[in-house]
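For reference, TrEMBL has these:
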DOMAIN    194-347  domain 'O-antigen ligase-related'
TRANSMEM  5-22  transmembrane segment
TRANSMEM  28-43  transmembrane segment
TRANSMEM  55-71  transmembrane segment
TRANSMEM  77-98  transmembrane segment
TRANSMEM  110-132  transmembrane segment
TRANSMEM  152-176  transmembrane segment
TRANSMEM  188-204  transmembrane segment
TRANSMEM  210-227  transmembrane segment
TRANSMEM  234-253  transmembrane segment
TRANSMEM  330-351  transmembrane segment
TRANSMEM  363-382  transmembrane segment
Amino acid sequence: MKKISLKLFPLLISILFVFPILKESLSSFIVIIICVNVIIYKVSAKDFSFFESKTLLLTIPFWIIFFRSLFSDNYAISIVHIQHALFFLIIPVFFSLIPSQFFDKQKLNLYMLILKLTCLLIAIIYIISFFYDYSVAEFFIVFQNVSSFRSYIYYEFKMFVIHPTYYTALLVICSAHSFDLILKQKKYWESVFIVSFLLISFLLLTRLNIVLLISTLILMIFLRSGLKVKQMIVVSSSMIILLTALAVLTPGIKYRFVELFQSFNVKPENVSYDSTNIRKAIFDSSIAIAKENWESGVGFENLQNKLNDTYKENYDSSFYANQNYMTHNYYFYIFLSSGIIGLLFYLFYLFNIIKICLKSNVFLFKVFLFNVLILCCIEDFFYRHYGILYFNLFLICFIRYSENLSKENKLNSNLN
């Protein structure tokens, strides 16, 4: 039984890395199967050691939501928020008990390859699906600062559940992994992934992820290439020129960035609103709620209603009528719901994982973590299934991989 269980680990983890194309229930089921396999392995190996105490630090966000929800006045809604946070508990605890050999460099590269192929498949299906339903001429149509392609994927495409913002967030770490292989191992065929991921990110017009992706690639030229300064400048300048050309040719991208300046200080009014001034309205409403409820928060169960009431009081617009807008900022999500104490615990959690990340000698770990923490400023990233699964899965994989590297370095130093 122990041998079977061991063989199942790489298979199950590999399957989990295709999560972008899976429905939420199916990826959750795979996580459960992995947890069951962990228990079977521990029992069959007669290994009854428990997880280390430091693993508990990785579960802090779950406990913030759980303990604040004990004082809820609507447990039906509070349970939903607890369910959304379960991966903060399950993945760190159970994945920390998986044998370390499944988090070495070879396995990590395998998992990344599976994810990259999955994301490439999604991009191909996006494009094929669009041109199956629309003509080439319609591809260039831009209405209200939104291209027809973006509008189709956001509102008509139903094959994959993952939101394009979360999908393109994955493309940052995938592109960084491919670019690192090009720079360090001369695997130039990896450029297929980079070009494809840049193209689909531009087509989906996901502004922040486009900026993060381009910034990451340019920084890697200076930090990871080993080129001379003049060569770095030439390569980075060439990349910027090519990306500028791509931006000019991409329908709607110019308008999406111009919208930031035109709409930022314009309040939503009646049916005149866009993604920029809606986000600004959400931010201002969050600030207003924080000023009145900074001590203990409004409770996770009351947050959405409180936000909707604030929108209604301050905006003569219907932007919130047909769609619930949460904080679009995970830091505010914790602060507004649990108050200053919850926020301080959450900041302690972030301090801990940032410290682990900076101590590691894993560049991709740093790329992953800081990109996600920036995304949390404009998204309830960990409230969504794909966000919290992606984050906790990669976090524990990078931590386990860093631990393996540390052990190898100690062993080598002892031998020397």
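Cβ from N, Cα, C; glycine included.
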With pairs fewer than 6 apart in sequence excluded, do the transmembrane segment (210-227) and the transmembrane segment (363-382) have three or more C-beta pairs that lie under 8 Å?
yes
At a threshold of under 8 Å on Cβ distances, which of 28-43, 110-132, 188-204, 234-253, 330-351 pairs most often with the transmembrane segment (77-98)?
28-43
The domain 'O-antigen ligase-related' (194-347): mean pLDDT?
91
Would you mind listing the long-range same-chain contacts of the transmembrane segment (28-43), meaning Cβ under 8 Å and 6+ residues beyond its ends?
1-2, 5-6, 8-9, 12-13, 15-16, 19, 22, 49, 87, 90-91, 94-95, 97-99, 385, 389
